[in-house]
Each structure stands twice: as C-alpha cells, then as structure tokens.
Amino acid sequence: MVKISVIGSGGWGIALAILLHKNGHNLTIWSFDKKEAEELKINRQNKTKLPNILLPEDIKVTDNLKEAVDNKDILVLAVPSKAIRSVSKSLKDIIKDNQIIVNVAKGLEEDTLKTMTDIIEEELKEKNPQVAVLSGPSHAEEVGKGIPTTCVVSAHNKELTLYLQNIFMNPSFRVYTSPDMIGVEIGGALKNVIALAAGIADGLNYGDNTKAALITRGIKEISSLGVAMGGEQSTFYGLTGLGDLIVTCASMHSRNRRAGILLGQGKTLDEAIKEVNMVVEGIYSAKSALMAAKKYNVEIPIIEQVNAVLFENKNAAEAVNELMIRDKKLEIQSW
C-alpha cells in the first residue's frame, strides 16, 4: 500500500484522492482552509466544488501541512497554479529528500513563464525531488464518478513515469506515458485560454461552425507557441493538447468555458469570476501566453483577442469580428 497525500481539497484533488483510494492506496487530503477541512471531515464532500461525491471514511483530512506530508511516498499537488510557488516554499523544510511530487495544476507563471514543475523544482532544489506531471481531458466531476477517462503522465525519467502510470491507472482511468514534460504542461495551460474564447462565442450565441474554427485554429496557436517553448509538436495533437482542448471547449463542467460564456453575454471579468465561483485558470494563463508569444515571436491572434476582452474591456463581438477580417492566410504553411 502506497502512502499518498493530495495537497489541495478542491474538486480535482478530491476526485484524484477517491481514484487513488480505489486503487488500494492510503490517502490523506490537505486543505489550506481549516473550515473547509472540518466540513470535509464531517460531511465527506466539498459541497461547493464537487457536490454529491463522497470521500470514503478512511481517507484522512487535515489542515496541517507537516502532518499531511510526513512519511508519504507520493505528494500530489492539486492546488491552483497561482499557489504552486507558495505551497512549494511551504514544503521546503518538511519533505524528505527525493520526494516524489506529481503536479496536476495547469498554468504558466505570469512573470517568469515557468511551468508548474519548473517552479516546484526551483523551490525544492535542495531536496532534489522527483517531479512529474499528470494532465489530460479529465473533469473532476466525471473522474469522481468513475466515468472512463484518459490522461498522460510525464517525468524526467522513464522509470518514474512507468511507476506513476501504475499508481494512477485503473479500469476507469487509463494513463498513457510521455517523455515530453514541457509539451504536456504547456498544452494543459494554453487550452484554458482557447476555452475562454469558445465560451465567449457561446455567450454570443454563435454556432458550431464558430466553435470548430476556434478549436482548430486554437490548437494551431497552442502548438506553434508550445514548440517555440520547447515542446514536441506531436504532444499538442494528443490527449494533453487537442484532447484537453476539446473537452474544455465543449463541456459545461469547464469553468473556463463558463467564464467565457458570461463574458460573451456582456458580464465584466469580475462578475464572471464571481459567478463561476471557482478558479478560472485561463485568465492567468492568457497573460502568460501573450508574454511568451512576444518573447518567441509567435503569432497567436485568438489568444491576443482573449486578452483584449479580459483586460482591456474590449467588446466580445468586436474581438470575433477582428479575427474574421484579418489578412488572408494559408491554412497550413506548406506551399
């Protein structure tokens, strides 16, 4: 029995804890919020972030980080991307050397453009952690119910990747492996920005044609920027790129799409965030993506317009119109 602690008590953290518990492992969940931890202990569910999905009674819940981390074989970091650095700093003095850490947050740090695993390794370098990433088209609402789902795990070495594949995989949760950590993380971060665009189109009551165009041209932007940042192009057309993009653009489970819908309906950014009432990772990743595109000289017109709607109060319909009247282009640069 492997001892695992899930650091973060949001929907994704709870869903993964339930999954890993089903796989026969010993589970602890850590919550930053003492009140939320007490509610989880009593009600065995997070009624706000993942309602009606119950934690087994033998999954331990704590708000004490040292208690959560002590003597654990694996730590799963399931906190929002903006909290990865602060949580990593908090782990610095309490984790063991060579601790296995699996990041499941999706995002890029705004100022540095670092991936989540880059941040973890930077903050914990003195402990030489074994860091990996798990990503893919995987809404917590479905994983928590055992609905068939596929993901990808990636680490710096094949041995750790295969070990974690066995830890997470079961008949309802199929895990593939990849050597491309950079591509896996960038795909997971940037798809949230395109999902905001898809939601905006839905909020404007545009149709399936528009959605198909945004997904297809969106994955082109993701892959172009991702390759420039060091990822492999094939990764962006797999589960952690195109697969994650499709589910995030199409599903009502997607908080990024829901936020986009509200923006398309004329709500302000603050109003949309308040109504979604969960972290909308694409908002943070949008700024990072724009910074990265300027750094690497990559054209990302959809992501540029999303930034304009988010941070410059640009009218959503006007943003879509500007995408449609851009200069004529080849679809694929092969002529």
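Glycine too: its Cβ is placed from the backbone N, Cα and C atoms.
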Site-mate of LYS106, GLY136, SER138, LYS191, SER254, ARG255, ASN256 for sn-glycerol 3-phosphate in Swiss-Prot, selected among ASP180, ASP244: ASP244
Which of ALA140, ALA308, ALA316, ALA317 shares the NADPH site with TRP12, LYS106, ARG255, VAL279, GLU281 in Swiss-Prot? The record says ALA140
Return only the integer: C-alpha distance in Å from SER138 (sn-glycerol 3-phosphate binding site) to TRP12 (NADPH binding site). 9
Tell me, which binding-site residues from TRP12, LYS106, ALA140, VAL279, GLU281 are within 10 Å of ASN256 (sn-glycerol 3-phosphate binding site) if we use the C-alpha atoms? VAL279, GLU281
Could you state the CA-to-CA distance between LYS191 (sn-glycerol 3-phosphate binding site) and VAL279 (NADPH binding site) to the nearest Å? 15
Can you tell me whether DSSP puts SER254 (sn-glycerol 3-phosphate binding site) in helix, strand or coil? coil
For the binding-site residues LYS106, LYS191, ARG255, which one has its C-beta crowded by the most other C-beta atoms within 10 angstroms? LYS191
Of all the Cα pairs drawn from LYS106, GLY136, SER138, LYS191, ASP244, SER254, ARG255, ASN256, the residues the record ties to sn-glycerol 3-phosphate, which distance is largest, in Å? 16
